[in-house]
Amino acid sequence: MAQGQNRTVLQSGQMHNSVVASASSVSSQPNMVNGISQDTLLLRQEMLNRTYAWLQQRQPSKTDDASKAKLSEVAKRLESAMWRTATSKEDYLDFRSFDVRVESTLKQLLSQRRANPSSSVSTMVQTPGVSHGWGQSYTATPMVDTSKFNSSNNLSDATTETGRLLPTNRMYRGTINNGRQELSAVGQMIPTPGFDNSANADVYQSHRNEEYSGDGGKLLATGSDFGNPSQLQKQRPTGSNDLMGYNLDHQLGGGFRSNIHQNTSGMTSIPLNAGVGMSGNNVHLANVPRSSEGVLSSTHFSTFSQPSQQPVEQLQVSHVNRYSMSNSGTFVSGNLYGVQTSSGSIETAVDMNSMSLNSMRRVDTSFGSQSGLQNNPLLKPHLRHQFENGNFQSSSNSKENLAQVSHRPLERQFNQQAHYGQYHQQELLMNNDAYRQSQPASNLVSQVKNEPRVEYYNEAFQMQAINKVEPSKPQNQYKQNTVKDEYVGAQSAPVSSSQLKMSPSFPPQTHQTQQVSQWKDSSSLSAGVQPVSGLGQWHSSSQNLTPISKNSNEEREHFGVRFHKQHEGTNNSSSVRESTNCLTVAPSGTLDVPHLPVGINVLSKQLNGDCGLSYKNQRRWLLFLLHVRKCNAAEDNCESKYCFTAKTLLKHINCCKAPACAYQYCHQTRQLIHHYKHCGDEACPVCVFVKNFKEKQKEKFTFLQRAEPSSASLNHGPKESFESMRTSSERDSEAPFVVDDLQPSPKRQKVEKPSQFAYPDTQGNPATISAGVSQAHFSMGLQEKDRLPSDVCKPVRSNVPMNADSSDSSRRLVPVSRELEKPVCKDTHMGRHGVKSALDGESLRLSKQEKPKRMNEISAPKEENAEQSLGVVSASNCGKSKIKGVSLIELFTPEQVEEHIRGLRQWVGQSKTKAEKNKAMGLSMSENSCQLCAVERLAFEPTPIYCTPCGARVKRNAMHYTVVAGESRHYVCIPCYNEARANTVSVDGTPVPKSRFEKKKNDEEVEESWVQCDKCQAWQHQICALFNGRRNHGQAEYTCPNCYIQEVEQGERKPVSQNVILGAKSLPASTLSNHLEQRLFKKLKQERQERARLQGKSYEEVPGADSLVIRVVASVDKILEVKPRFLDIFREDNYSSEFPYKSKAILLFQKIEGVEVCLFGMYVQEFGTDSASPNQRRVYLSYLDSVKYFRPDVRTVSGEALRTFVYHEILIGYLDYCKKRGFSSCYIWACPPLKGEDYILYCHPEIQKTPKTDKLREWYLAMLKKASKEKVVVECTNFYDHFFVQSGECRAKVTAARLPYFDGDYWPGAAEDLIDQMSQEEDGKKSNRKLMPKKVISKRALKAVGQLDLSVNASKDLLLMHKLGEIILPMKEDFIMVHLQHCCKHCCTLMVSGNRWVCNQCKNFQICDKCHEVEENRVEKEKHPVNQKEKHVLYPVAIDNIPTEIKDNDDILESEFFDTRQAFLSLCQGNHYQYDTLRRAKHSSMMILYHLHNPTVPAFAMACAICQQELETAQGWRCEVCPDYDVCNACYSKGINHPHSIISRPSATDSVVQNTQTNQIQNAQLREVLLHVMTCCTAQCQYPRCRVIKGLIRHGLVCKTRGCIACKKMWSLFRLHSRNCRDPQCKVPKCRELRAHFSRKQQQADSRRRAAVMEMVRQRAADTTASTPE
């Protein structure tokens, strides 16, 4: 990362620091505040007393006056903070929530303190006589007690010591102009006499002792009051965990630590540009007992001013820390440790007697310039020679061994990294025993600990932890990783393996090496997964090492041998597998990454104890991959820059089954996953750690959830995410709702809900915490021996690959760090820039000596999400709760599961050839095959795409242009793109620059997604497993069908209840659905009985159709607008401009092999009595579709297929229902879908041929014939005969005003085109060839009636009817008119009231009352029958049982996905809900039912007010008063703090009507809020959700991401409004555009349909002409 970013962070931190200081001054003297009344002062005093008492309860041992004074100071700060954050006096004095508010305030102050530690500048004065380098900017770099550093470098519990200034003005982009001058800056400052703010140290230190007592006796940190060395012997009692999770020192102590003790550990003070190659002082100051973070404890000083009692030549002096050294107390004998490199470092010792204090000035810059130590006169000649040559050779005399640096000129900057990386590791070696001779390692990291906030520390370490040398050749040659000469962070000096002489003769080193691994890991995990492949390559002699406990000698010796073997394996590997030690990231993105040793069993050996240093990294790797599995953020949106790259790796693993895959990190990662899945060892240092890690997270998460409501009340913002409530005192943004993407990821995400906690954002505001785990919850001290550092990486499932393109986007998860987030690799074996990926499997190794028993004592994040995310093994191993309903298999009995598997391998729906091919593949099943269907690779059908401007379908493999505009992606065909002469192309009325378009080929292919069993690790297709990726919120354990059968048979589990996974029967029933079901079941029973009678069998012996469910899944009120040109012709005749109607969608489900499969669907339009003529009381059967999977596949008595019988009965039942409700007619257009397109159900099976028009028409007529027999249908005719001709005694006027006007029908669109052509012809314009046929309309037909003036509307009407008749006549039989009531033969109206006058002699003649009156007044000649002498007598027949008004008693069922057939089809296409095979039809139907049971707008689905997770139907609890307060079951069970009563949300099965009404109310409320927002000008409007909607709209105006969660919410709201809006001047953003967009899409679809029909007619005419003999 560029160093300029560090400077930016510094500035924000400095500014924030002043704010905190100001607040402190105010809070410390509350009575001095002007303008506060005496009563208020008394109230505040009362609150101060209560706060003091609260603190005293937690400090029972502090009874002396000094301690009380310190507690009083802390109480003042807390009271002042609560006063500032309270919104009202009542809120301030609410003692019911006092405890929670205090705790919340502590957390907030913690964020400020960590971001703004007390600066040492105020306690320093300039050293007289020393040049200060005026003009330079000095950076305060407080020293940090890193015992609280977790493994992500999070300063969770940091106490700080300040006392350094370093000039930063000469540091830019990783270079240092004057290192010596900058390093000497600290020496120019001395402490201010008499200023000591360490008075409060013991108050906070006691809290630290209390909280971290569970860490097994962690050494006390630096503090001015700890002068007695005996304190170091005291170990805290185990098991003590403060419920708060934070001690006072953790939260406020940073500003009260002593500033007197300077950097006694000899670490380099560096500026905020952490990682600059300033390692010149990386020579140890002294060997003294130290705290676990490398900070010298004050207990090591007898007196502050006691002079050094060690020979000067034994002191490892850094001139930067010369002042600190001179003040240090008694020092033990010191050793100078040399530098260690990243690729094969050697730890050696140097006789300190050979060096003098005077030489240290040269030592300061030697590592930066490679000249300092060479000029040291006291350095032994052979050691100096070794150092100059960079040869890391182990000397026989251990005191004379010095780790050496490669001296190649191009690698000189990497030498700086060597000090950093290895001394940083040595630092932890000294943390084992307070009385052990420590070997402190001075390194760059300890300088970074002096930064003002933990984020800076993260950046510094991440920079140099990622930037490293990459092995470029198998011969162990290393190339230099340079990026424009910008090196951020110290970089490792490369050392070839030939320079490393491994020997198992140094077992004492091993334990310390383990500690190095721990410290390296604990300080670098924020860099993600840092491979430590070279940690086993240490060279040392046991003479040099500090004594270690005897009981570990044997194991240490074993480790030494293992390191040697590991190193050999590494050096024998190929170039892509050579091992290096340190990971670095150069600013421009180049990356060199180590690789695991060659060998298939490497990982298993590591996990079984062959590589002790691997355990820590294995955990880190798993945790990082678990985050990657869950993260749904886009490539540039995730907090982790490497997240997207890791997704690429996991996506590769998705398909990879090669035993020795050459893809980088694939093979090793799979091995680790395999072990993790099968590990049952209770002492496994990798698996047990993760399990215990979860348990501790649960405890912390429980506490935080209880504190949540109070935190929210302190900040008075809308609903916020948990992390922002906990860490920021300036929170006012609404937490994003969790939005489900329509398309689940191809691989199951085995992670749980997104974290409600945060990692520190190293680049943001110090108080800002990104989605992840709070740094405050990763506080963990490094304990002695068995200490386990906290793995910061959220435990995320790593064993299952996932799609890199996860939409939905939409859910952020734990970022591993801010620096190891740079994408490193694409689908290649090398990185994106030709370098290796940072996700090296070598990083999967950990030290074995970390005992499982200590894992329970880790005070790491204890959030529930970590527990949920670790769904890696079965419940018996991982202890996590199972989420029911992730797979439909859970409903099945073992017999049903076996039936399902057998059905999968039958490939029902495919052609015979394809089915046989797949069956043959199943016989040769490989390890890469699905364990259920036995086939490996299955691809979905390509989704059809259409040109936005012209609506033409883009052919397969054809080139086209695409662009994202608005909320959707648009496609432009080549002709339309070329026709746009300008530099823009019009897309939905918006000009889009051609430069934004991307040229693509329509050849995209999407493979089916996979899922892995948590028990047997077998892989299956998600479709085969009936896996619902939408229900898997990353928290579900999945058991494959085979393991499920075993568990059921062994009694370990039972099939879940049907209420867990709601099916078709659980959908709300309606009057219509009940009518259809009852009638269908009755008819099926009769048919089955008749079949049994004819076959001579009993009823049970004859197969019958069962398990059928019919439901109305959409029923919404709509308005059909008449097209403008047509309306202009009949405006004078009071023709209605719009027709209200109700659109309904009806689906039929049948349970096949245990799954309810959608087999049939139809959309209808019902125009009731509220519609004007000619649409009044009419029904339009707009679309009908079915798939050929109905069971049983038998014939009825009449010889037709049983499925045809069922579908006919549904239609007849619907017509019967309409007739009883008062509808008079039904209109059917028998038009099959276009080739390659579908009406409702997406992608039909190959065994089902698309019917020709005549076949489809016959199918409808056969149904109507049955309906006529049952007297449901009165008469059938066709559209042309009924409206276009006057046959018989018909006296109705032939006019287009009589034609029923339906949405999507053929003639309205055709009429509009004809009228447009007529107008163009009249104006002399050229006809539009695309819209009209070539034939020119003639006026001859009008001459006979004398209508020659086309400007007259009547003439236009006649001409339009004439032309329409010509078009419709060839296919008039396809437009079927069904009369449900009798039709008057004179006026052609359908009679629904009064009497109908019937002629007994004529079979089908009746007239209405009105026409009968006219008939009686006619002359005898014109009476019925016309042109006959004998006149017939007409008899009246009363019309009854027809409602005068049509009312629909069914509830409105509104759904975004089922609003129209196009919306439903788009849902299926976008998510690949296909019906081409039965196996896919089952899965698609399962997903359709999921959407049906979750009908609310996705962006505004109910979310838990505490954890922000989306609540599914029938889940959670809600407040009876607050409309927006809903909580999930998990949060409710842990206790909530809400003033009102909470009730359970009703389930779909318990209260279908209530749920339906609730959904409609919610949608109506949202529409009302949006309309209110358009007129609201109040900033603090109290209208419900007003500010939320305003925030969404503001976000949409500035968002550059396009497609984020907030944008999806905004667009969903706009669509919800636009579907119901009819205001032509609506001011809601995008309303008119959306309506125009939908209308345009519908018109294009209708145009394609009409064009196909015309083509079919022409083809039919051509065939007829060709077949006619001459």
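Glycine is treated like the rest: Cβ placed from N, Cα and C.
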If you check Swiss-Prot, which stretch out of 218-251, 286-319, 558-591, 830-863 is marked region 'Disordered'? 830-863
At a threshold of under 8 Å on Cβ distances, which of 611-690, 970-1046, 1379-1442 pairs most often with the zinc finger (1554-1634)? 611-690
His1432 (Zn(2+) 2 binding site) and Asp1185 (acetyl-CoA binding site), Cα-Cα, nearest whole angstrom: 47
Would you kindly give the Cα-Cα distance separating His1432 (Zn(2+) 2 binding site) and Ser1186 (acetyl-CoA binding site), rounded to the nearest Å? 48
Quick one: what's DSSP say for Cys1399 (Zn(2+) 2 binding site), helix, strand or coil? strand
Simplified to three states, DSSP reports Cys1531 (Zn(2+) 3 binding site) as helix
Out of these binding-site residues, Ser1186, Thr1204, which one has the fewest other C-beta atoms within 10 Å of its own C-beta? Thr1204
Residue counts (helix, strand, coil, in that order) that DSSP gives for the zinc finger (611-690): 46 helix, 1 strand, 33 coil
Students should find that the Cβ of Cys1531 (Zn(2+) 3 binding site) has, within 10 Å, a number of other Cβ atoms equal to 23
Largest tally of Cβ atoms lying within 10 Å of a Cβ, found at which of the binding-site residues Cys1411, Cys1504: Cys1504
Of the binding-site residues Trp1259, Cys1504, His1540, the one whose Cα sits nearest to the Cα of Cys1399 (Zn(2+) 2 binding site) is Trp1259
Among Cys1402, His1424, Cys1519, Cys1522, these being the binding-site residues, pick the one whose CA is nearest to that of Cys1387 (Zn(2+) 1 binding site). His1424
Determine, for the Zn(2+) 1 site, the additional residues of the same chain whose CB lies within 8 Å of the mean position of the CB atoms of Cys1384, Cys1387, Cys1408, Cys1411; present them in sequence order. Lys1385, His1386, Cys1388, Thr1389, Met1391, Ile1407, Asp1409, Lys1410, His1412
Residues with Cβ closer than 8 Å to the Cβ of His1432 (Zn(2+) 2 binding site), same chain and 6+ apart in sequence? Cys1399, Asn1400, Gln1401, Cys1402, Phe1405, His1424, Pro1425
Can you tell me the CA-to-CA distance separating Arg1203 (acetyl-CoA binding site) and Cys1522 (Zn(2+) 4 binding site), as a whole number of Å? 50
